Structures are given as structure tokens and as C-alpha cells.
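Visitor: This is the structure I want to talk about, given as C-alpha cells.
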Amino acid sequence: MSVSATDLGWRQLARCGEESAHLFIVDRRETKGQRTSREALAKVLCSACPVAERCLEYALELAEDQGIWGGRNAAERDALRRARTAGQDRRSA
């Protein structure tokens with residue numbers, strides 16, 4: 001699914017409103033344990049979000065390298081992007 005970077009209407013349906021935005025944003029001062037806990041809480045919200053898939057696709061399309069998007073952190077999105085690219089390479093070979 002391609003999600004246009006300019007078509008942001010889906011964000012109105014997102015579960016990550018202003019009151020929980022801090023859970024999705026990287027804080028360079030947090031410890032690894034704090035980051036793990038924060039990301040786990042954010043992912044719980046994402047798991048019940050009606051637009052999580054759109055959010056993830058948006059972050060992948062823009063190569064977003066910070067925070068939680070669609071229930072995935074930056075490393076998880078990178079792994080997904082690499083897996084998709086490898087799959088496309090195999091199909092085109």
C-alpha cells in the first residue's frame with residue numbers, strides 16, 4: 001500500500017494523540033531500560049490503532065529514522081525495508 005506523504009487524513013484516526021506523543025518520540029537522555037519500556041507502551045497503543053498499517057507505510061515511504069511508527073521502532077523498520085528490498089530483488093531476478 002502506498003501512502004502519500006501529503007495525504008495525512010488518516011492521522012486523525014490515530015491512537016497516538018497529543019497526550020501520548022511522548023511515548024513515540026526518542027529521548028536521547030533515556031536509559032536503554034527506559035527506552036524499552038516507553039517503546040513497549042507505544043506499541044501497545046499501536047496494536048489497537050485502526051491506522052497502524054498506514055502509519056507504518058508512511059514512515060517507510062519517508063524513511064523516518066526516529067520514534068515509533070505503526071508499531072515499529074527505527075531498527076525494526078530498517079529490517080522490514082531491507083526484507084522488502086531483498087524480496088523485490090529476488091522477484092526481478
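The first residue you see is number 1, and the count goes up from there.
Cβ atoms here come from the backbone N, Cα and C positions, even for glycine.
Note that TrEMBL annotation is computational and uncurated.
Quick paste from TrEMBL:
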type: BINDING; residues: CYS16, CYS46, CYS49, CYS55; note: [4Fe-4S] cluster binding site
type: DOMAIN; residues: 15-79; note: domain '4Fe-4S Wbl-type'
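Each of these features: where is it, how hidden is it, and who are its neighbours?
Guide: If you take the C-beta of CYS16 ([4Fe-4S] cluster binding site) and look for same-chain residues 6 or more apart in sequence within under 8 angstroms, you find LEU23, PHE24, ALA42, LEU45, CYS46, CYS49. Under the DSSP three-state reduction, CYS16 ([4Fe-4S] cluster binding site) is assigned to coil, being neither helix nor strand.
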Visitor: Within the same chain, and leaving aside CYS16, CYS46, CYS49, CYS55, name every residue whose CB is within 8 angstroms of the centroid of the CB atoms belonging to the recorded [4Fe-4S] cluster site, in sequence order.
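Guide: Here the nearby residues are ALA14, ARG15, PHE24, ALA42, LEU45, VAL51, ALA52, ILE68, TRP69, GLY70, GLY71.
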Visitor: Between the binding-site residues CYS49, CYS55, where is the Cβ count within 10 Å the lowest?
Guide: CYS49
